[in-house]
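Heads up: the structure comes next, in structure tokens.
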Amino acid sequence: MSANYIVLTRKKGRLPALVSGQKSKGKSDYFGYDINDKIKDDDQKIIFKKAFDKLGIWSNIRYFLLTKTIDPTGKFFSIWEIFRGIVSILYVLYVTLLMKFLLRRRNHSNTIIVRCFDSILTLDMYVRLHVQYYDERGIQITHPLYTAYHYLTTSFFIDVLCVLPFDDLQLHRLFGTYRKQHILMLMYILIKPLTLHRVFNGLDYVQEVAREGRARLYQNFKYFGLVVTVTLILASILEIVTCGTPSSSPEVFYNCTNETWIKQAISKAKINDLFYTPSIIAIYTIISIISTCTVGLYTFETSKDFVVIFMLIPGLYALRWFLLGKITSSMISGNNTLVHYQHNMKVFVGFMKKHSSNTNLLQETVSHYEFVWKRTKGYNTTKSLSSFHKVLRGDLTFYLYSSALKMSYLFSNSDSSTIRFVSSYFEELLYKKDANIIRCNDVSNYIYVVYKGYVNVTVANDKLCTLSIGGMFGCFSPIKNTRQTINVTAKVNVHLLRIDNVKFNEHVSTDAKIKQKLSRERMLRTEYILPVNHKSGSKIDLISEASVNTRHIDLHSLKSLMILPTNPYYVVYSYVTSVHLATWSTLYVLTIVATMSDFFRSREYRIYVYCLDVFFFIRIIIGLHVTCMDQDSGLFVTNYSKIWRTYMRSLSGFWLDLVSLIPFELIASHFVPDRSLLKYFLLNRILRIFFMLKYYVECRNTLTVSWHLRWTVMMYALIVLLHLNVSVWWLIACPRKQCSYYERVSHEPLIKITENSTMKSFRLAYLYVTNVFTSTGLKFITPTSNQELVATIVMICVAQYILIYLTAEFASMLVQSKSVMTKFEREAKHVLKYLESADLSLSLKNKVWDYYIVSWTRARGPWIPKLISEAPDYIKQDIMRDLFGRLINDHFLFKRTHIDFQRQLVALFDVCVFLPGMHVVQKGDVDNCMYFIDEGEIVVYDTVDKKEVERSILGVGESFGEAQGLFGVPHDKSYKARFTTKMVILNKERWWYLLDWFPASKEHIEEQAARKRF
């Protein structure tokens, strides 16, 4: 053979040379090569220069650019972006807080600082010229010419504006020479903060890619930064306008004279006048306008001051309501899916409590949906993928499911194209541990594949095998249905893939290998297929067993001390300690720290504190014995050493419990000579408030959170924050336990009165903080020091946070109770509007509206709750049998049929409610349905000479339409509801297939029908 036909010896061709990607491992890796398609440096230089040659005389700009660009997802750019953000924040803080004190003509400190900041921002502009980007077609642009052009056409103008040297260019003289220093300062204050646009854009980006909880955190941090920035800018402007002087002296630019309202306020309140006091007062004023919280500290008397304030108020009020709306709506919409899930669960629980006394079924259903919620957060992957194009859907499902399908026997060694095609028709299902996926005698038409987890296959309580990932079971027959003879239960929490057997057989018929394997399994009448490399054992078993290698611990004796999280006594104990004891302990410690000078002198207070500590010490002991559930398997961990490790590694568990319990005051008593300071070492106990917050977050993410818990936590959180602010204000503003207030006697000026009583002083502190929180506007208590001003600013911010939190919680509860009703009402009105356009009679429209009203008042929408209709087969069958099984058990057609036939038959019932006078069926109707009366009464009548003649009345438990439901003959009488009546309807088309698989039941039904001579 010629050498030209030997691939390994061919020297010329259209592909580049084959270069080994790995070191040689022997004779078996002859074809383990990678294609080396790297372009040489000379070629890169040619490509780099070729793009610039198109610019003509401007081609020399290539010498100012780097030959390589920067990947925006790389480590260098991420670090640079963080550094640049920090520099921008420091620059804005300097401009708004410190620059006015240094901006003098002969003071070079300001020039040096500004030049340093501007140099870093200029360097950032050069870096931005080389940052890669994606165009409209999704292509990554890497050439420096095009990256530079992209930057020049986007944010280049703003960046240049931020680094302009206003003083060197004398730009402030464009507005005249009068107050030129003020204009220069205002230009800095208004323009330099624009450098923060990259910080906010960065927060937008991380918010988009972050998970839901962190996304909301980034969003709130962005809004907080916006408020801080606006506050500092406006406070600086207010201070410059108020304290700036038109003096011609080059050394005097900023000077607050006694005629300004700031100096007058300092004088009236007798505040220590430091160089930063006017800045704090200006910030306080802006915060007061935004939050509408003011204690009447300042008065504006000149027309200039009034003009400035009136210009600020509209914009700040608009900013306030914009932020309140944005943050509140984000907190509500971020939890909207959970709210609807909780509403469906509330409807289901109410329905079951009203119509069933089987608490086991209720608990089983709640547990199933809580498990599904924890895994999916309410999103249906199959439903989402179904909206994609079939090619994209095939790529996604192949990526998701191929690893599990390739481990199955049928798909092993099969072509990837077949797996890609078939995988797009699978749907995902979740079953919790011990769930019945298939029960013996189920008539099924689905094939299941184990995607994650393990399932047990049993027959007559004898275990046949355990199927792992890739295992298959179900109906492999090419016909529509098969009666199963096996039981399949979830050994652990399991994730399954399901597909219709007819559809599956159609799609794999083109693959000869799969077709041959499937034919072999059908010959053996197989109902399950082991995966490739099947192993009889499973590591998952070790999760619920004690380790045999654990030393020094008698695990067999300790197992009796294990506490399940579902233990009712533990549930009550956890609620009491986490919610009530933790809250009152926090309030008690805050009161001691605020009001007592020497904690160790009072024996009673010490006893109370340490008695509370005993309860929380017991909490730690119990925490060491509470089993935890493995989230993947659903098994409770009974390995005692693993429980200890899990609990002790938890920051919000063991370490929070421990830190809040350590008696730091006893330790400090040996080292701190001043006994009045020892009370502050009790403050670690206030961390117990996080017990309540943690408990509430865990309960809020479940589907059965109670309104009582919501209200309790909201009230406790409000009380604790209020008391915390009162305690801080007491320590700052009430030295020696004496608070002051102002009172006007007759027409005399305000008189400052100091209250000596501790109780009255504490009431005054509560009154002031409540005034700040509620924006009441009482003016007899005002800040009298810089510390009190700062404390008031912080309290105002906390008060606004509480306002947003309470608004969001109230709105969330309203959404839970009203949003579904509003949606239902909107649909009803849409139907009525359509009927009006069709000129429907008024009586029929009233009947439709009445029907909607009864549907909502009785069932909150559908007659069978959504969670029952969408439940897995084993849950739905058990619930429907518990609700309506008596109608089948006592019926002459179905009384002696197979119990599994009845179980599956009752799950096919349709439920409907008929209003008084509403016709159920009329004589001559052919609907192939049987009707069973669950509630109410039905009137049977004939029509004689156009008059209704009543024949009989049917009550609860009776039925009609058997002949029509079996043989499809017309109804020989008419039926209408006498009262509001709930009917259970059985359509022949839905249950007839069951008779093919239960021949004895079919024979019994036909025999009973013949006796009745239908």
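Any Cβ shown, glycine's included, is placed from N, Cα and C.
What TrEMBL records for this protein:
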type	residues	note
DOMAIN	410-525	domain 'Cyclic nucleotide-binding'
DOMAIN	893-1012	domain 'Cyclic nucleotide-binding'
TRANSMEM	82-103	transmembrane segment
TRANSMEM	220-241	transmembrane segment
TRANSMEM	274-300	transmembrane segment
TRANSMEM	306-323	transmembrane segment
TRANSMEM	582-600	transmembrane segment
TRANSMEM	607-627	transmembrane segment
TRANSMEM	709-732	transmembrane segment
TRANSMEM	789-808	transmembrane segment
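Only residues 6 or more beyond the boundaries of the transmembrane segment (582-600), in the same chain, are considered here, and those with a CB under 8 A from a CB of the stretch are 606, 608-609, 612, 616, 665, 669, 675-676, 678-680, 682-683, 685-686, 688-689, 691-692, 716, 719-720, 723-724, 726-727, 730-731, 737, 758, 762. Packing against the transmembrane segment (306-323) from elsewhere in the chain are residues 223, 226-227, 230, 234, 238, 241-242, 286, 289-292, 300: each is 6 or more residues past its ends and has a CB under 8 Å from a CB in it. For the transmembrane segment (709-732), same-chain residues at least 6 beyond its ends with a Cβ under 8 Å from one of its own Cβ atoms are 579, 583, 586-587, 590-591, 593-595, 686, 689, 692-693, 696, 699-700, 739, 761-762, 765-766, 768-770, 772-773, 785, 787-788, 791, 795, 798, 802, 805-806, 809, 813.
With DSSP classes pooled into helix, strand and coil, the tally for the domain 'Cyclic nucleotide-binding' (410-525) is 28 helix, 44 strand, 44 coil.
When pLDDT is averaged over the domain 'Cyclic nucleotide-binding' (893-1012), the result is 90.
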